[in-house]
Amino acid sequence: MAFVIVEPHAPLKTVSVGEGTSALRRAAARGRLGRVPAHLLLILLAVVSIYPVYWMFVTAFRPGDEALSTSPLPGPVTLDNFAYVWKTIPMGGMLLNTFGMASLLAVAQLLVAVLASYGFARWSFAGKKALYLLFVGSWLVPFQVTMIPNYLMVSQMGLLNTVAGVVLPQLCSAFAVMMLRQHLESFPRELMDAAQMDGRNAWQTLWQVVIPNLRPALAALAIMLFISAWNEYLWPTLIMQKSQDLVQVGVRAFLGAEGNNWGAVMAASAMACLPVFLIYVFLQRYVVDAFVRSGLK
Amino acid sequence: MFVEVLPGGGPAASPVQAVAGRAAAARHPLARRLVPYLYILPAVVLLVLWTYWPLLQNVGLSFQDWNLIPTRPRVFVGTEKYAKVLSLPELRQALMNTVVYIGAFLLISVALPLVFALLSRSVQGRARTFYQALIFVPFLVTPVASSAVWRWLFAPDSGTIPAIAAALGHPMGDVFRDPDGSMTSVIVIVGWQMLGFGVLVIAAGLAGINPDYAAAAALDGARRRQILWRITVPLLSPSLVFLSLMTILLSAQWTYPIIDLVTQGGPGNSSTNIYYLLYQFGFRNFDAGLSAAAGVLFFVGFGLVALLFVELSERLSFHDN
């Protein structure tokens, strides 16, 4: 990075156009110098953010006799801890089940939300405002307030300790409906009208015109729904009390049993995070955009 | 995002649509009117079935004494459960803790990110993308893993943090079993996950502000501090309002998994929060009525706080139109 010597400047008394621009130039130069502390701040923030994750992997790859080492540097690498986890609990099955659960949930939530948001964005109809308010209002209903009736309902259906019991109550994501409605409201109306002119009905317009044009937004939302489903904790642990088919419950039980065997504990934790991390490594922009965009508007 | 409830009624049916639909409309006027409802139906049915109907059921449960065993009778007890829940010292503790948690997260996921985002604004391009990619990682760590890593970092025998503390001359014990430290530890873990998210949301908000405003103000002789407080922060208010509302509504949810995994609310309820209390009433003490009554009270309380907040922010926030 270039350092620029800032020329000492006389205080401005009369502001002419020329002086105004030179003030701007000086501000820019000061900005370049000022970037050093900004970089330092971001480096500090990045280190604080990443160190625990780094530490998780370092510990997981350490051989048993060095498990309690506090050296921040990685030493000899071994896969012993991962092998131990793999041997002790059915990690492969758990990961597969959780992957299936999260994918199913993301796709179902997306489908339900696409239909609903299309209905809201395309037509005006009686009760539209009130119906939409149902979705907005659901933000105010914390899951813990409805968990007992939901639990009873799943139990009556005989779905306790099944992945279906985890998925069913979450099929409608009010958040996804609201996000997609925003996208659809800004979808060019002319395209829909043109499709209609070509003889497509509303259903065909949705699948042949709207969805292909909305692919990036849908992909970002799907990734976000998948990650949220993967990281969901309360409901899976409530429903799967006697089953260990999902990562959240299976790994939790393993961590409880292993106590301070940190190498194994970190290896199991790392595996529980791995799919989401892989998605992040390959689709970083999508992931950040999806989560952060949701915070805009 | 959910601050602006409705962006006006939807666009009216276009003439083209009217022409295309006329034939069908003549034959099935009712069917045509039903179409939008059919698209919305699955979502509404699911929402009512799994959110609003349970909410009503929960109100019903709050007037009953029942231990969640299907074969046992449900006894109507009037408002007894409400009276009981309000007299419980645990509730007062959990409420106070929840307020402290919210305050802490307003600091960690709104105020600190604002400072960080403003101070690091000058870093752009690739470097910025790189830092942001790292800063966002904790947000993606699944709760079982983040709790495990932090238990290891805080482990009294050989964890990194006690080792550093001891080297600095402040030996510390097991922070999770310390009534004065357990809540702080939960705040540290959840704060670690939320800080980066806040920074990115505010940085994105900053990036969306038209730099012309600041440049124009600078030409007019405004000082940097004036530009910051009179232009940048007001234009950022939608992002700030969103983050604050999210923090107020959701911080009890964010802390729930970590409380359950790390401290179980203890020691002696020192780190519990209201949602963890609901869980304990329902699924540890099997007192459905008590959990439901507390749930109804929190739902109403949070609803009022949220409405008040939306109202306030509508008055205070500043839109760049």
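Even glycines carry a Cβ here, placed using N, Cα and C.
Taken verbatim from TrEMBL:
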type     : residues  : note
DOMAIN   : B:95-309  : domain 'ABC transmembrane type-1'
TRANSMEM : B:34-53   : transmembrane segment
TRANSMEM : B:98-119  : transmembrane segment
TRANSMEM : B:131-153 : transmembrane segment
TRANSMEM : B:186-207 : transmembrane segment
TRANSMEM : B:227-252 : transmembrane segment
TRANSMEM : B:288-310 : transmembrane segment
Near the transmembrane segment (B:98-119), which same-chain residues lie under 8 Å Cβ to Cβ, leaving out any that are not at least 6 residues past its ends?
183, 186-187, 190-191, 194-195, 197-199, 201-203, 205-206, 228, 232-233, 236, 240, 243-244, 247-248, 251-252, 254-255, 273-274
If we skip the immediate neighbours and take only residues 6+ beyond the ends of the transmembrane segment (B:227-252), which ones have a Cβ under 8 Å from one of its Cβ atoms?
1-3, 98, 101-102, 105-106, 109-110, 113-114, 118, 190, 198, 201-202, 204-206, 209, 213-214, 217-218, 273-275, 302, 305-306, 309-310, 313, 316-320
Short question: which residues 6 or more past the ends of the transmembrane segment (B:131-153) have a Cβ under 8 Å from it?
120, 123, 159-161, 176, 185, 188-189, 192-197, 199-200, 203, 257-258, 261-262
